[in-house]
Amino acid sequence: MATDTSDTAVALKSESTLENRGIEPVPVAERDGRPGQLFWVWFAANISILGLPLGATLVAMGMTVWQAVIAAVVGAVGSFAIVGAISIAGRRGGAPGLTLSRATFGARGNIGPTLVSLLSRLGWETVNTTTAAFALLSLATILFGTSPAAKDHPVLTVIAIAVFELLTVLVAGLGHAFLVAVQRWATWVFGALNLVVGAFLVATIDWSAVGAASPAPVGVLIAGVGVIAAGTGIGWANASADMSRYQAPTVRAGSLVLSAAAGAGIPLVLLISLGSLLAAGDPTLADAGDPVAVIRAMLPTWMAVPYLIAAFGGLLLSNHLSVYSAGLTTLTLGVKVRRVYAVVVDVTVTFAGAIYFLLIADGFYGPFIAFISALAVPITAWVGVFAVDMLRRHHYDPDALLDTRRTSAYWYRGGVAWRAFGAWALAIVVGYLFATLGPAADPWFTGPLADTWFGENGLAWVITFVVGAGLYAALGGARPVPGVPLEVAE
């Protein structure tokens, strides 16, 4: 028994110790992670009750509930299987995803994908922070009778933002081990709240309306799968290796894929399915500009409290992972600070952004989301190229990954691996041909092919992925460089 207590104490100390490692590859001796840890990480990141609006979106496209469930299963599980597949690179190289990407794009060529990824992370973290502050303001309205309008209570609004950011820094700042532990245990707490709220919402469903719906064409179902994939797993693919870099070398690739697909797929399928049920019985949910507020209005006051707490907690768990990844991406971009300071810089930016949206801007929130959504095209292009590179590259040189000078084995020509970079750039151009950028009512840009089936159904990212992966594969994919083989004996 004494031994068990000692082991537990050592584990707790390890989890709460500040992670000093930045983007340096983790030594093999320190890679002792298990796939089960990643299961909880991905489960927690997707447990937010804010997944309900995704189900409402499917119903708005004309699907029945059963079609929405199929789209949720294929889209969520399939896209996170891609996340799991990309995480295999983290197990191989022991480094963050965008750092490993230097081997694919070159020391300088990797700056483009890294910058886009960082902008996307900062953008969605700002949205998370703003939405979480709204949840706390709504909670204050119920408990203390204050106005839910942020500008009516600027001090309270700043406090709400600060609480969310402080809780984010506490976890993301301490690092990988603490984050993994928190994500696991917090899942049980906020998962229970989600189940309670979900059970109450199920009791409000108009089942006659659900059964009366007519199925949509197969093409709509396929488009729905794409919508769910784009809204769930694809956005996390460039962060997957950040979490898997501590996985033991003996962990099987299939286990990493399964841990991501199941960990994220279970909560997402349940939440998206519930959202589709609610929307089928109440069309206002699918048509609402703010479906989350509509769901809040469906609940009595006593149930709205756990709903808002669950919404806040889900956003927080997602933000932990995003900010941790953004800190590593900041370091990969060349910022010379300790990892924990990179996290603080990241949170400072999102803190300022949230204050702007809540207390200064009028009507800029929607366009901002549209802007960061547009970054999905270059990110998906990166996923396609990087995935093909992984097919042959099973080994990463740890010294070359950190060397951004001409002496690096990954310098290639002028610091750029032109085949990979060219495939990435061309995929972006082709993807935007099918894209509509900006708010639906007043887009900033409409590609010449946006009125095609792919464009109208928001599947520009699929075209981007196929072009990026296909072109890079046609150009030969990963090639060995002097002194650095693509594979080594294990």
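Using N, Cα and C of the backbone, Cβ positions are placed for all residues, glycine too.
Within the same chain, residues 65, 67-68, 71-72, 80, 83, 131, 179-180, 183-184, 186-187, 190-191, 194, 197-198, 213, 224, 227-228, 231-232, 236, 243, 259-260, 262-264, 266-268, 271-280, 285-286, 288, 291-292, 295, 307, 310-311, 313-315, 317-318, 320-321 sit at least 6 positions outside the transmembrane segment (39-59) and bring their C-beta atoms closer than 8 Å to a C-beta of that stretch. Here TrEMBL flags 39-59 (among others) as transmembrane segment.
What TrEMBL records for 65-89 (among others) is transmembrane segment. A Cβ distance under 8 Å defines the sequence-distant neighbours of the transmembrane segment (65-89), meaning residues of its chain 6+ beyond its ends; these are 38, 42, 54-55, 58-59, 97, 100, 210, 213, 215-216, 220-221, 224-230, 232-234, 236-238, 240-241, 243-244, 247, 253, 256-265, 268-269, 272-273, 276-277, 280, 383, 386-387, 390, 396.
Here TrEMBL flags 131-150 (among others) as transmembrane segment.
The transmembrane segment annotation in TrEMBL covers 156-181 (among others).
The transmembrane segment annotation in TrEMBL covers 188-210 (among others).
Positions annotated as transmembrane segment by TrEMBL: 216-236 (among others).
Beyond its flanks by at least six residues, the transmembrane segment (256-279) meets 35-36, 38-43, 45-49, 51-56, 58-60, 63, 65, 68-69, 71-73, 76-78, 80-81, 83-85, 87-88, 91, 191, 194, 198, 201-202, 204-205, 210, 228, 232-233, 236, 240, 244, 247, 285-286, 291, 295, 298 of its own chain at Cβ-Cβ distances under 8 Å. Taken from TrEMBL, the feature transmembrane segment applies to 256-279 (among others).
Residues annotated as transmembrane segment in TrEMBL: 299-319 (among others).
Annotated transmembrane segment per TrEMBL: 340-359 (among others), in sequence order.
According to TrEMBL, the feature transmembrane segment maps to 365-388 (among others).
Sequence annotations record features per position, and here TrEMBL assigns transmembrane segment to 416-438 (among others).
According to TrEMBL, the feature transmembrane segment maps to 458-475 (among others).
In terms of C-beta pairs under 8 Å, the stretch of 188-210, 365-388, 416-438, 458-475 lying closest in packing to the transmembrane segment (299-319) is 188-210. If you look at the transmembrane segment (416-438), the same-chain residues 6 or more away from its ends with a CB under 8 A from one of its CBs are 104-106, 108-109, 112-113, 367, 370-371, 374, 377-378, 380-382, 384-385, 389, 410, 444-450, 452, 454-455, 459-461, 463-465, 467-468, 471-472, 475-476.
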